[in-house]
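Straight from Swiss-Prot, the features:
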type     : residues                               : note
BINDING  : 42, 67, 68                             : Zn(2+) 1 binding site
ACT_SITE : 44                                     : active site, charge relay system
ACT_SITE : 47                                     : active site, charge relay system
BINDING  : 97, 100, 103, 111                      : Zn(2+) 2 binding site
BINDING  : 179, 199, 204, 266, 267, 268, 291, 292 : NAD(+) binding site
């Protein structure tokens, strides 16, 4: 498809972004072109927008960023047989090689050569985005476009919570950003006996209650370690989901976990974190697991099942919608933490 499109461009050397006209992407024989209907802002996008140390070390602007979206397929490559024009889709945003040992043994989510849409390649904050056909996930016709756009981050929450979780356990979610809020909903829907949401942001703690938290702890007012202990009869949480990336919160996550419990870390600290491995992991017999992306496509199937069955109610997490040209409003809300999920409409 020839012509230009409007897109959100990350420029080098400074915070912010610009809304510009750029060429519509050209697809190869294995790719599809999608007209974007909705694109949501992720914490990773905020790192890029802010141009922090992580962004400076990882991305190579100028380029189109953004990676969470839904849309309609408008063009398919000549070798594509699994996707058709007109289909309503979202996409797995980790583009893998398919040839390394993890890929060949069913662990594509930890492919050694992963490229991430909108981080390592041009992304979806635009009118059009291209994707390998192998990454496409087909959406049911009745799914709202904004909800379809947040299936990818919901997959992060599902992967974080459901890896090793069993019904009836006590779960603590540390950090109630959008994915943390989704993790609260997933834990509650999946049979957790108790879901404790921990954050310093009162706005997001209120959202956590809407998403199903049984208890909330404001770290500005309360000691999270003492309160988790009190709420769990001194046992600690069976599963702690660390979503904040703050060094203190990471150390506290290990301490608040029950002996023999699990700590799942999805967050991305900007710098190395010092922990007491001997006392907080080894002697407690903890299982600590890093969570990256989504299992392909087991996690997507779980997300689809939870949404279509009505088991999980995720819409309250979408708090704001803006035309894409008003992106600055959305990013400012994300930077201040005065929102759940923000969706941009091209």
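Using the three backbone atoms N, Cα and C, a Cβ is placed for every residue, glycine included.
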#### Entry: Assigned conformation of residue 199 (NAD(+) binding site) - DSSP reduced to three states
strand
### Rounded Cα separation (Å) that holds between residue 42 (Zn(2+) 1 binding site) and residue 179 (NAD(+) binding site)
9
### Query
Out of 179, 204, 291, the binding-site residues in the record, which is closest to residue 100 (Zn(2+) 2 binding site) when you go by Cα distance?
291
### Query
Roughly how many angstrom lie between the C-alpha atoms of residue 44 (active site, charge relay system) and residue 292 (NAD(+) binding site)?
13
### Query
Taking the centroid of the Cβ atoms of 97, 100, 103, 111 as the Zn(2+) 2 site, which other residues of that chain lie with their Cβ within 8 Å of it, listed in sequence order?
96, 98, 99, 101, 102, 104, 108, 112, 113, 114
### Message
Most Cβ neighbours within 10 Å: which of the binding-site residues 68, 199 is it?
### Response
68
#### Entry: 8 Å Cβ shell about 42, 67, 68 centroid, Zn(2+) 1 site members excluded
39, 40, 41, 44, 45, 66, 69, 93, 117, 118, 123, 124, 152, 153
### Message
Considering Cα atoms only, can you say which of 179, 199, 268 is the nearest neighbour of residue 111 (Zn(2+) 2 binding site) among these binding-site residues?
### Response
268
